[in-house]
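Enquirer: Before I ask anything, let me first share the structure, which is written out below as structure tokens.
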Amino acid sequence: MTQAEKGDTENGKEKGGEKEKEQRGVKRPIVPALVPESLQEQIQSNFIIVIHPGSTTLRIGRATDTLPASIPHVIARRHKQQGQPLYKDSWLLREGLNKPESNEQRQNGLKMVDQAIWSKKMSNGTRRIPVSPEQARSYNKQMRPAILDHCSGNKWTNTSHHPECLVGEEALYVNPLDCYNIHWPIRRGQLNIHPGPGGSLTAVLADIEVIWSHAIQKYLEIPLKDLKYYRCILLIPDIYNKQHVKELVNMILMKMGFSGIVVHQESVCATYGSGLSSTCIVDVGDQKTSVCCVEDGVSHRNTRLCLAYGGSDVSRCFYWLMQRAGFPYRECQLTNKMDCLLLQHLKETFCHLDQDISGLQDHEFQIRHPDSPALLYQFRLGDEKLQAPMALFYPATFGIVGQKMTTLQHRSQGDPEDPHDEHYLLATQSKQEQSAKATADRKSASKPIGFEGDLRGQSSDLPERLHSQEVDLGSAQGDGLMAGNDSEEALTALMSRKTAISLFEGKALGPDKAILHSIDCCSSDDTKKKMYSSILVVGGGLMFHKAQEFLQHRILNKMPPSFRRIIENVDVITRPKDMDPRLIAWKGGAVLACLDTTQELWIYQREWQRFGVRMLRERAAFVW
């Protein structure tokens with residue numbers, strides 16, 4: 001039989017089979033659209049917008065975009081009445097800098113930095129020769145600016161048409177004399193709630209809605225009326241405020257009008273963006289540094305901690321160090337937006353973590369403020385370029401006094417709209433289980449908790465133990481299951497643990513110590529080994545020359561000897577796949593949009609309208 005005859009026979013069989021199915025009442029399948037599957041996925045992903053809101057920068061784009069649009073996360077709102085006092089959220093300045101102890105703390109931190117610089121030898125085996133600021137000061141004091149052009153080429157934002165609000169670059173370049181308040185709606189990774197003007201939750205959410213809507217219209221060219229055809233993937237911090245997340249989801253679905261949303265954590269998205277399955281994530285942002293361990297798409301709750309400093313603190317510290325060396329631009333002010341932009345630029349241009357770069361070096365920079373001449377300054381710098389980024393590892397150098405510097409994952413305060421929150425689960429626990437846990441609490445309370453040294457050993461699981469102790473004790477007290485003495489003992493134990501936690505959160509850890517603490521909170525040695533073998537640094541706060549080698553050296557020197565013997569290599573990754581580390585988390589959100597499993601995570605507008613925050617508990621890919 002020839003090939004043609006075989007083909008005809010097979011076709012005949014297929015047609016015969018179809019006739020039999022029709023006779024049995026089986027409907028013929030609908031002919032699929034002649035669109036390749038890959039193109040269908042492309043169309044679907046093209047209608048998903050990924051939003052990664054940062055303290056200083058908003059990154060937003062379609063899931064199919066190669067790169068997101070990055071805009072300053074700031075808004076300028078016009079005064080409603082004439083004569084209204086100006087209000088500006090600070091950028092580089094923060095609370096706790098002008099305390100009586102601040103300067104002494106800065107000096108002590110700088111001594112530790114200098115000692116660390118001197119103790120580490122250069123690659124040729126010799127020690128660095130320290131350069132005192134006096135050596136540069138005499139030269140810098142004599143320098144005067146050269147006028148490059150009588151017009152800088154930059155202009156203030158045109159406000160002659162009296163716009164109600166301005167967003168992003170336009171807000172940054174609003175003339176300080178214009179009647180506009182400046183608001184940064186996110187500070188240190190959380191909503192910027194404060195007692196000043198525009199500091200209420202409602203006002204902050206309104207600012208965010210305006211900024212995001214403007215970005216969608218201008219940079220993605222999507223009319224707001226068409227958002228009902230789009231879905232959103234929102235990236236949130238690992239240590240998040242449930243109330244704030246709930247309000248953001250409500251804003252996106254009910255006010256902006258997206259048809260659906262997936263909420264996921266920055267650290268997990270960073271693993272998707274980098275292609276790593278298990279890693280210790282170190283996210284050094286502009287205002288906060290968060291550390292946690294992620295394993296197979298799960299951020300381990302017990303390993304999360306957030307440090308209340310980042311790249312902007314390095315910029316401010318660099319300015320202080322340059323002032324000691326006679327910084328020639330003497331009109332520089334930390335309250336001036338243009339000067340803040342300049343200091344950020346100088347930090348990114350000159351700072352490094354390379355021990356081999358030493359001695360005095362000549363530099364120059366330009367100032368191009370709006371409606372001012374373009375000026376060229378020349379000056380000399382020595383160790384200041386290395387000292388400033390090293391302040392991240394010795395945060396006392398920032399001079400921040402009386403502020404909470406470390407945040408751990410705490411128990412949720414509960415939500416009246418969520419009937420199955422932790423409080424409900426506690427209230428419905430069996431009394432027998434509660435009594436058993438209360439007995440275990442009393443036994444563990446009798447053991448002293450060490451909280452000295454390098455945060456290893458017994459202290460490593462303190463946050464989780466406190467978390468469970470606090471939960472269990474609260475439920476037992478609520479039901480009156482303990483006798484008087486037992487209750488007093490447990491209450492004393494709880495208070496001592498709360499004191500230990502507050503002491504820990506008052507400490508300013510460097511990223512290296514935070515990494516060690518986070519990994520040490522992992523449940524098993526196998527997991528710890530995996531985390532030491534893969535440390536991923538994302539965000540823009542540690543983008544300094546030789547940062548990878550510097551962090552790797554510090555981790556190797558401080559990790560427990562037991563792991564040092566069995567781990568072949570501590571791999572610190574700062575540019576996975578040669579990508580910009582600032583975009584890794586956003587890119588991971590775009591990858592998440594294309595995964596098949598994401599179909600189960602979508603929360604739709606109608607569902608949210610009917611069930612509210614309960615949908616987050618049901619659909620979130622992390623433990624809500």
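Start at 1 and count along the chain as shown; that gives each residue its number.
Quick reminder: no glycine exception, Cβ is built from N, Cα and C everywhere.
Swiss-Prot lists M1 with the feature N-acetylmethionine, giving similarity to another entry as the kind of evidence. Per Swiss-Prot, compositional bias 'Basic and acidic residues' is recorded for 1-25. Marked as region 'Disordered' by Swiss-Prot: 1-29, 430-462. Per Swiss-Prot, the feature ATP binding site maps to S55, T56, D283, V284, G285, D286; the stated evidence is similarity to another entry. The phosphoserine annotation in Swiss-Prot covers S132, S412, and the record cites similarity to another entry as its basis.
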Enquirer: Apart from S55, T56, D283, V284, G285, D286, which residues in this chain have a Cβ no more than 8 Å from the mean position of the Cβ atoms of those residues at the ATP site?
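Expert: Filtered neighbour residues, in order: G54, G189, Q287, K288, T289, G310, G311, S312, G539, G540, G541.
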Enquirer: Using the alpha carbons only, what distance in Å do you get between S55 (ATP binding site) and S412 (phosphoserine) once rounded?
Expert: 23
Enquirer: What does DSSP say about D283 (ATP binding site): helix, strand or coil?
Expert: strand
Enquirer: Which one of the recorded positions (T56, S412) has its C-beta surrounded by the most other C-beta atoms within 10 angstroms?
Expert: T56
Enquirer: Do you know which of the recorded positions S55, S132 has the most other C-beta atoms within 10 angstroms of its C-beta?
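Expert: The residue with the most neighbouring Cβ atoms within 10 Å is S55.
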Enquirer: For D283 (ATP binding site) and S412 (phosphoserine), determine the Cα separation and express it in whole Å.
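Expert: Spelling it out, the Cα of D283 (ATP binding site) and the Cα of S412 (phosphoserine) are 23 Å apart.
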Enquirer: Can you name the residues of this chain that are 6 or more positions from V284 (ATP binding site) yet have a C-beta less than 8 Å from its C-beta?
Expert: G310, G311, L392, P511, V537, V538, G539, G540, G541, L542
Enquirer: Count, for each of the binding-site residues D283, D286, the other C-beta atoms lying within 10 angstroms of its own C-beta, and report the residue with the smallest count.
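Expert: Among the binding-site residues D283, D286, the sparsest Cβ neighbourhood within 10 Å belongs to D286.
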Enquirer: Between all pairs in S55, T56, D283, V284, G285, D286 (listed as ATP binders), what's the biggest Cα distance, rounded to the nearest Å?
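Expert: With S55, T56, D283, V284, G285, D286 as the binding residues for ATP, the largest Cα distance is 14 Å.
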Enquirer: What does the structure give for the C-alpha distance between G285 (ATP binding site) and S132 (phosphoserine)? Integer Å is fine.
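Expert: G285 (ATP binding site) to S132 (phosphoserine), Cα-Cα distance: 30 Å.
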Enquirer: To the nearest whole angstrom, state the Cα distance for the pair T56 (ATP binding site) and S412 (phosphoserine).
Expert: 27
Enquirer: How many neighbouring Cβ atoms, not counting its own, are there within 10 Å of the Cβ of G285 (ATP binding site)?
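Expert: Other Cβ atoms found within 10 Å: 27.
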Enquirer: Pop the Cα-Cα gap between D286 (ATP binding site) and S412 (phosphoserine) into the table, whole Å please.
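Expert: On Cα coordinates alone, these residues lie 26 Å apart.
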Enquirer: About how far apart, in whole Å, are the alpha carbons (Cα) of S132 (phosphoserine) and D286 (ATP binding site)?
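Expert: Cα-Cα distance, S132 (phosphoserine) to D286 (ATP binding site): 28 Å.
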